[in-house]
């Protein structure tokens, strides 16, 4: 009779698969790095403003002294640690005279590709620790590489992407209670250090680590290991506290010029004052009905089946450890579901630890046949995984919302040529706020900052009534023509009365015919057009990206 085990393999079989199917570590790492570097160069689209406005733009400001700082940085809401990574990269490029052209634009994403490869590798290692089954680990490697979400998001310069990669590394080293193997003892100090970094990048990462820390302490209390409890508490205080202080020093030195405790400000503004709701709210079930299906895609049934086998096993290898991972993931989903402001990327950290359960389903599927290559149904499953993920990955990275990135490339190259043609260029982005990258994508070596402005959307701060508050985007879209007329009329005679270029979405002139008339009356004509998307959930962002100019 086969042992009751969520992996479906006994100890002898596990050792056999480990020796037969073990992959070369150096080849795995090399392959992952090459794959993610290629992945990074293929990302031509826009996903979330934060990959630019909360990372690259701040890093550009630190290094070059200019770059737009959104309201979060004006009230001390975020730590500078994440942007500092790119600031250091920019500084290095500048010192070697490489802060110009395509390399400067791609360099941050290529750097993030290394962290993405790290996440892939530790997902593979974590699967081996969790199941101690090389086949399951190999399938995990396949699933993380084939994942459309990883291809779409892992190389983007979002704090969430770095958080996800570091989280799976920290989980690999975490000293879980109740594991069945010496391989699962972990390294508390290293795990705590990495976990503290994720909490500095994203304060909400503490949700995951509070669960793990609480579980660890409760387990130690149950076993009566009081010395271990004291040891754990001291490590948390020293490592976590040290990370917070070091982050505060970095914040003061690089950006704020005063002592700022960003985690406290983050909680106060986003949670207690509810400012995050200004940027949207979703029903409690949103992560279940949209978030997880988007994140995992076609892997959803595989994860569910693997989870079912784990809960069905009354005994088995590392069953308790596997259940802890599932309870952890459930905890994260439940807590995030209780928060009204929701985004797909917030759940990214649980993707990597859940992939081994999907991989377990795959190894079970192929374990039932010794000649699986000839099994049409099994091959069909693999082909379906590759095709569905491939189509979604390529469409979202090469097609959907690429115009807002392409237009900034055009702005950069147009401004490069302007001095030789005796032109003085200026750009107004009359579209929803943060629709495009900013100075980090138009940077030119030894050139003065380009004259640009955009329609803002700062939230109601300082006790302003949110029910009656209107940001600049609201005012603009109520009457675009009146907004632009007032803007031009209110300018002093000593300034240029109008920009040389206006950038906006096609929907603006399709839904506001008077805007087309106004553009003609001001001497603007279409000088560039960029495809952006076939569809968009925000009607204001539909259609091509248009550039109108007076030159």
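Glycine too: its Cβ is placed from the backbone N, Cα and C atoms.
Nobody curates TrEMBL annotations by hand; they come from automatic prediction.
Segment annotation: TrEMBL labels transmembrane segment over residues 190-222 (candidates 25-57, 58-90, 91-123, 190-222). Which of 319-338, 339-358, 359-378, 379-398 counts as transmembrane segment depends on TrEMBL, and there it is 379-398.
Of the given residue ranges 270-290, 291-311, TrEMBL assigns the label transmembrane segment to 291-311. Contact between the transmembrane segment (379-398) and the transmembrane segment (158-178) is not supported: fewer than 3 Cβ pairs lie under 8 Å, counting only residues 6 or more apart in sequence.
Below 8 angstroms of C-beta separation, residues 6, 8, 143, 147-149, 319, 322-323, 326, 333, 342, 344, 346-348, 351, 354-362, 364, 384-385, 388-389, 392 of the same chain, each at least six residues beyond the ends of the transmembrane segment (291-311), sit close to that stretch. Counting residues 6+ beyond its ends, the transmembrane segment (158-178) has Cβ neighbours under 8 Å at 47-48, 50-51, 54-55, 82, 85, 112, 115-116, 118-119, 122-123, 125-126, 129, 184-188, 190-192, 194-195, 197-198, 201-202, 205, 208, 212, 215-216, 219-220, 320-321, 324-325, 345-346, 348-349, 351-353 in the same chain. When Cβ-Cβ distances below 8 Å are used as the criterion, the transmembrane segment (228-250) is approached by residues 79-81, 84, 188-189, 192-193, 196-197, 199-200, 213, 216-217, 220-221, 259-263 of the same chain, each at least six residues removed from its ends.
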